[in-house]
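Annotated in TrEMBL:
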- 43: active site, proton donor (ACT_SITE)
- 30, 31, 32, 33, 34, 35, 36: substrate binding site (BINDING)
- 41, 75, 78: Zn(2+) binding site (BINDING)
- 1-119: domain 'CMP/dCMP-type deaminase' (DOMAIN)
């Protein structure tokens, strides 16, 4: 998929592809703003697009950038938004050369340990 990231300030394009439980794919890109705090990451863009189309159950997400030798990882805000929709899905962290590692939100190799979850609001 074409990455249409809008990143004139960081010059750091990020793309994400989200696979729903029903097999649909929603893509996302980062969209920056001159007021930095109003920007949105690729992962949240993909999730928000899926939610706006009625999907709340996800199987996997792949995150990519052209940052070279390092794996791209979601920021803390994106990890928290991802956690809102469960932990039973795979997250593929990729490099520009196509190599990747697969993580889960909560397991042995956690992306978001001790996460705040919707159930915590009921305590």
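Including glycine, each Cβ sits where the backbone N, Cα and C put it.
Same-chain residues with CB within 8 A of the center of the 41, 75, 78 CB atoms, the Zn(2+) site residues themselves not counted, are 42, 43, 44, 74, 76, 77, 79, 81. Most buried of the recorded positions 32, 43, judged by other Cβ atoms within 10 Å, is 43. Within 10 Å of residue 78 (Zn(2+) binding site), counting CA to CA, the recorded positions 31, 34, 35, 43 contribute 43.
For the pair residue 75 (Zn(2+) binding site) and residue 35 (substrate binding site), the C-alpha distance works out to 18 angstrom. Taking only the Cα positions, the spacing between residue 32 (substrate binding site) and residue 41 (Zn(2+) binding site) is 8 angstrom. Each of the binding-site residues 31, 35, 78 was scored by how many other Cβ atoms lie within 10 Å of its Cβ, and the smallest score goes to 35. Within the same chain, residues at least 6 positions away in sequence whose Cβ sits under 8 Å from that of residue 34 (substrate binding site) are 9.
Sequence-distant contacts (6 or more apart, same chain, Cβ under 8 Å) of residue 30 (substrate binding site) comprise 5, 6, 7, 12, 13, 14, 39, 40, 41, 42, 45.
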